[in-house]
Amino acid sequence: MSPFKRKRAGQDSVDFKPKKGKLVPDEGKGLEEVGREKEHEITVPAPISQGKWTNKERVLIFSSRGINFRTRHLMQDLRTMMPHAKADTKMDRKDKLFVINEVCEIKNCNKCLYFEAKKKQDLYMWISNSPHGPSAKFLVQNIHTLAELKLTGNCLKGSRPLLSFDPKFDKEPHYALLKELFIQTFSTPRYHPKSQPFVDHVFTFTIADNRIWFRNYQIIEEDGSLVEIGPRFVLNLMKIFQGSFGGPTLYENPDFRSPNMHRREMRLAAAAKVREKQMVKEMQKGKKTSAKEDLESDVTADVFLTPAEEKPADIQREAPETKVVKKKQKAFKRQRMQMARR
């Protein structure tokens, strides 16, 4: 392999032959001591690693149909940060998950990150060791991509990252299993053809609120100062399976709540607030009507009213006598006319 080709591959900085060196004399030493040191030579042994790409980890990153633009950009960011990742076309949601093992075998991948979208608003992520397992299923929340964060940073593309884990990963067995999965999936293999021989960013996995928080920081100075460059997301563990995309359940998160249940609780809480407001309005209306009734009925209005004297009751034991009314006899019309003539 010519030096030019080795330079393009990024391996010219490693010399695999033993080197010989001489001791450099100090100014304060005498001539006799300097002459003795010149006679001795130091042989630096060759490094143990021969610069060969031995770790053949490859990760397949793809998704199902129905994902939104944010998930698509997140997948692209992960492929950019992981030079050992491969892409594939979207999988139909009607297909069973066991088909992914065949896709990984065709793509010559032994790790898989599969994003599954449901109801066009919920995103699930499978991380699996294909084809024998284990595998884990997460609910992905609070996704922020590189384009959304717009944070400062100029991380080298294809450089190998440092993986930083929370101390809680070593305290519980299911977190220890997830730590090993994350190490084998997100770490870039040494001497990978597409990787760079530099370490300038850190992947952090932190456990808080029973969730795993992923952050990406760039090392900007030699003193170890960090700046976040993204992407960022939160993984809520659902289940860990013994096989790849199925099999016996090794662990189930007791604190996990499905998004449907969470949305139902939010709707019930909103309805309870509306009912409470209506009850408060009805109580205020009742208070206003009672105040109006009190104003209309004045208590002091009966102060100046004097009661009338009571009359003795006169009880008639005998029926009253009937009065005879004499009717006047009217003259006939002829007689009235004769009387008028007279």
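In case you wondered, yes, glycine gets a Cβ from its N, Cα and C as well.
Database features, via TrEMBL:
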type	residues	note
REGION	1-38	region 'Disordered'
COMPBIAS	14-38	compositional bias 'Basic and acidic residues'
DOMAIN	57-246	domain 'Brix'
REGION	306-342	region 'Disordered'
COMPBIAS	308-324	compositional bias 'Basic and acidic residues'
COMPBIAS	325-342	compositional bias 'Basic residues'
So how many of the residues in the region 'Disordered' (306-342) end up helix, strand or coil by DSSP?
9 helix, 0 strand, 28 coil
Averaged over the domain 'Brix' (57-246), what pLDDT does the predicted model reach?
90
